[in-house]
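Visitor: What follows is a structure written as structure tokens; I'll ask about it next.
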Amino acid sequence: MGWSLRMWIVSILVLTQLVNGALCWGDAGHYAVCKIAQSYFEEDTVVAVKKLLPESANGELAAVCSWPDEIKKLPQWRWTSALHFADTPDYKCNYEYSRDCPKDWCVTGAIFNYTNQLMSTSENSQSIVHYNLTEALMFLSHYMGDIHQPLHEGFIGDLGGNKIKVHWYNQETNLHRVWDDMIIESALETYYNSSLPRMIHELQAKLKNGWSNDVPSWESCQLNQTACPNPYASESIDLACKYAYRNATAGTTLGDYYFVSRLPVVEKRLAQGGIRLAGTLNRIFSAKRKLARA
């Protein structure tokens, strides 16, 4: 099966899930992050991203941002499974790259890796290594969403909440899925008439109003770095301890209070993920950076 056909099938599956309401950070959340990012692309980034996207995406990065989730269980892609998270020691509530990303094999390491691969398009490199830059773009875009989900930097002992069995209202599930899926799904049903575009529009409005003063600091990187995922991981485990794990022990029923008090955290992380993805891609594809390195 050719690349274009495989990507067309994956895109149809993702769009079908969105229409039918099978929504989670793995599809609705990632779609939102990438859709928000697209609205903050600089002109050079728009051109570069469209060149790299498969034809099936029709110029929409958001259409393929769930691709890494779609493929990670396939035999040839199982090696990518560990790149979606960075587990941290139980109850320490902090993140350290040297401790939590052994051999660079975690979500932060993946963000650095795929950033470097995409940067190869901006450098006069004589390297004999030829990367698949379409895959690099989709992996980077997806992992930038993952790192902003607090439980993707959760405790190693419970696998980021996957081992914590809870009820979301009357549905049996686990804590990780609550944050991947159910908070977003409940928000769509409760506030947005099950419309993902309406939710994204509301987040974009908040970025122009309530969060507008925060956007410059969200999108920037210290020390003139192109990518800076370590602070994002630190934020996530801090939020996991303060919000995700709190009052959510095994056997707990999570309802209105948990939903209403945690939804603002989820919404802000989606917005931050979008802004930071745009900032990273803008730095990668900036014409000024290309000229500076020429």
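We number each residue from 1, going along the chain as drawn.
Glycine is treated like the rest: Cβ placed from N, Cα and C.
As the structure is a computational prediction, the values presented were derived from the model and not from experiment.
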Visitor: Given 142-191, 192-241, which one carries Swiss-Prot's region 'Substrate binding' label?
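Guide: Within the set 142-191, 192-241, Swiss-Prot attaches region 'Substrate binding' to 142-191.
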Visitor: According to Swiss-Prot, which residue among Cys34, Cys93 is joined to Cys65 by a disulfide bond?
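Guide: Between Cys65 and the options Cys34, Cys93, Swiss-Prot records the bond with Cys34.
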Visitor: If you measure Asn193 (N-linked glycosylation site) to His30 (divalent metal cation 3 binding site) at Cα, how many Å is it?
Guide: 19
Visitor: Quick one: give me the count of other CB atoms within 10 A of the CB of His176 (divalent metal cation 2 binding site).
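Guide: So the Cβ neighbour count for His176 (divalent metal cation 2 binding site) comes to 24.
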Visitor: Measuring CA to CA, name the entry from the recorded positions Cys34, Cys65, Lys72, Asn132, Cys241 that ends up nearest Asn224 (N-linked glycosylation site).
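Guide: Closest recorded candidate to Asn224 (N-linked glycosylation site) by Cα: Cys34.
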